[in-house]
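What Swiss-Prot says about this one:
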{"type": "DISULFID", "residues": "Cys23-Cys63", "note": "disulfide bond"}
{"type": "DISULFID", "residues": "Cys49-Cys76", "note": "disulfide bond"}
{"type": "DISULFID", "residues": "Cys81-Cys121", "note": "disulfide bond"}
{"type": "DISULFID", "residues": "Cys107-Cys134", "note": "disulfide bond"}
{"type": "DISULFID", "residues": "Cys139-Cys179", "note": "disulfide bond"}
{"type": "DISULFID", "residues": "Cys165-Cys191", "note": "disulfide bond"}
{"type": "DOMAIN", "residues": "21-78", "note": "domain 'Sushi 1'"}
{"type": "DOMAIN", "residues": "79-136", "note": "domain 'Sushi 2'"}
{"type": "DOMAIN", "residues": "137-193", "note": "domain 'Sushi 3'"}
{"type": "CARBOHYD", "residues": "Asn64", "note": "N-linked glycosylation site"}
{"type": "CARBOHYD", "residues": "Asn71", "note": "N-linked glycosylation site"}
{"type": "CARBOHYD", "residues": "Asn98", "note": "N-linked glycosylation site"}
{"type": "CARBOHYD", "residues": "Asn117", "note": "N-linked glycosylation site"}
{"type": "CARBOHYD", "residues": "Asn154", "note": "N-linked glycosylation site"}
{"type": "SIGNAL", "residues": "1-17", "note": "signal peptide"}
Amino acid sequence: MFFWCACCLMVAWRVSASDAEHCPELPPVDNSIFVAKEVEGQILGTYVCIKGYHLVGKKTLFCNASKEWDNTTTECRLGHCPDPVLVNGEFSSSGPVNVSDKITFMCNDHYILKGSNRSQCLEDHTWAPPFPICKSRDCDPPGNPVHGYFEGNNFTLGSTISYYCEDRYYLVGVQEQQCVDGEWSSALPVCKLIQEAPKPECEKALLAFQESKNLCEAMENFMQQLKESGMTMEELKYSLELKKAELKAKLL
């Protein structure tokens, strides 16, 4: 025959009797040990659950200047570690767990597991590794690149969208992307401004050569007209000086 025995609150005071008397008596928390000590002029109390139980609520309490405990909603529940939780999934444990117990996780249909599919209850009342989550295999709406946009309104598993850029911009990255297990298949693309291409050096040289050629042809034509007119260079120079003087006089 087996009997269950509830272990009532055990209290250990590591402060002077006068300080301890100023703080009110705490309500009992079954299956726990409460240790109080003085820290920087305040009474600090800590709950520790016995083996096979885990803490729910606040672990550490302060007896403040008003000689009141700041919180008393604490309890020790059966099971060495907190009950496992997995939204949109299930796990192998069906009752209170003990130290070193292991559980496995599995997600419901249309959800994918993110994290480890196993976890173990440790001596310090924690699970390791942390519990996973079950994430929908559908995707969240994608973002728009700066100076760009996407086309498509279906974000479910297997659906595709296409990215485009505004006028005078070009796309850098993957244009068409697919929803795969809750994630888009590629990173968000970027829209970059189309820069006017600079003229090549050979084109610049060709332009300079053409201008020089045109200048030479103009000089040859001028010299030919001068020769045909019978005017000498001295007469041309004198004529230009007269024209210059006439223009200057008109400006005055």
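The backbone N, Cα and C atoms fix where each Cβ goes, and this holds for glycine too.
Around the Cβ of Cys107 (disulfide bond), 21 further Cβ atoms fall within 10 Å across all displayed protein chains.
The subset of recorded positions (Asn98, Cys134, Cys179, Cys191) lying with their Cα within 10 Å of the Cα of Cys81 (disulfide bond) consists of Asn98, given in sequence order. Here the candidates are the recorded positions Cys76, Asn98, Cys121, Cys134, and by Cα distance the one nearest Cys63 (disulfide bond) turns out to be Cys76. Taking Cβ-Cβ distances under 8 Å and a sequence separation of 6 or more, the neighbours of Cys121 (disulfide bond) in its chain are His80, Cys81, Val97, Asn98, Val99, Ser100, Asp101, Lys102, Trp127. The two recorded residues Cys165 (disulfide bond) and Cys134 (disulfide bond) have their Cα atoms spaced 35 Å from each other. Of all the recorded positions in the record (Cys23, Asn64, Cys76, Cys139, Cys191), the one with the smallest CA separation from Cys107 (disulfide bond) is Cys139. Long-range C-beta contacts of Cys49 (disulfide bond), restricted to its own chain and to partners at least six residues apart, with a cutoff below 8 Å, comprise Asn31, Ser32, Ile33, Leu55, Cys76, His125. Between the alpha carbons (Cα) of Cys134 (disulfide bond) and Asn64 (N-linked glycosylation site) lies a span of roughly 42 Å.
For Cys179 (disulfide bond), the same-chain residues lying six or more positions away in sequence with a CB closer than 8 A to its CB are Asp138, Cys139, Phe155, Thr156, Leu157, Gly158, Ser159, Thr160, Ser185.
Asn154 (N-linked glycosylation site) and Asn117 (N-linked glycosylation site) are 30 Å apart (CA-CA, integer value). In the three-state DSSP scheme, Asn64 (N-linked glycosylation site) is classed as coil. All protein chains included, Asn98 (N-linked glycosylation site) registers 12 other Cβ atoms within 10 Å of its own Cβ. The subset of recorded positions (Asn64, Asn154, Cys191) lying with their Cα within 10 Å of the Cα of Cys23 (disulfide bond) consists of Asn64, given in sequence order.
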